[in-house]
Amino acid sequence: MGEKELRVSKIRDGTVIDHLTAGQALNVLAILGIDGSGGESVSIGMNIPSDRLARKDIVKVEGRELSQSEVDVLSVISPEATINIVREYEVVDKKRVERPEEVTGVVSCPNRNCITNADEPVASRFEVLSDGLRCGYCGEIVREDEVATNLDVN
Ligand code: CTP
Ligand code: ZN
């Protein structure tokens, strides 16, 4: 890529979340619980022309790798995403996200009466549908576009 085309700088160590569905970058930050207060260096590209997708978003986080639950939730809002682990400027691991059968933690159930919202030590668990999530306890549906507003982070 020529100098004129470089949009987001390379990172030294951390994670590049690439091929995100255009428009999802800020939701990805929400899933990662990143709001700037943690001090990590974060670069974001939105609506970047891409070969594989017409447009993509990209998020680069220095000094941080993602947990499996974070990747699981990310796959719901960005099924084409690629997770690249970077060390000393080199991509040392690259994998496509996979849609898991269920996701635990990270998302909270929007049903106020759900057992997961009571003062009980019950962690959230959702079945992954083609277009959203279904609470494993009360059956409440969280549509794909509602996932970001029902995160159990921060
Ligand atoms: N990247 C980065 N910092 C690095 C190395 C790579 O920000 N030190 C970014 C690249 O800009 C790219 C992504 O990580 O967006 C994946 O890098 P790479 O595998 O080198 O690029 P491609 O081969 O184009 O990846 P893909 O085939 O997944 O599209
Ligand atoms: Zn529920």
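All residue numbers here begin at 1 and follow the chain in the order shown.
Backbone N, Cα and C atoms are what each Cβ position is placed from, and that goes for glycine too.
When secondary structure is read from DSSP and collapsed to three states, C135 (Zn(2+) binding site) falls in the strand class. Marked as Zn(2+) binding site by TrEMBL: C109, C114, C135, C138.
For 6-98, the entry in TrEMBL reads domain 'Aspartate carbamoyltransferase regulatory subunit N-terminal'.
What TrEMBL lists as domain 'Aspartate carbamoyltransferase regulatory subunit C-terminal' is 102-147.
Sequence-distant neighbours of C114 (Zn(2+) binding site): residues of the same chain at least 6 apart with a C-beta under 8 Å from its C-beta are C135, Y137, C138, E140.
Neighbour counts were taken as the number of other C-beta atoms within 10 angstroms of each residue's C-beta; across the binding-site residues C109, C138, the minimum falls on C138.
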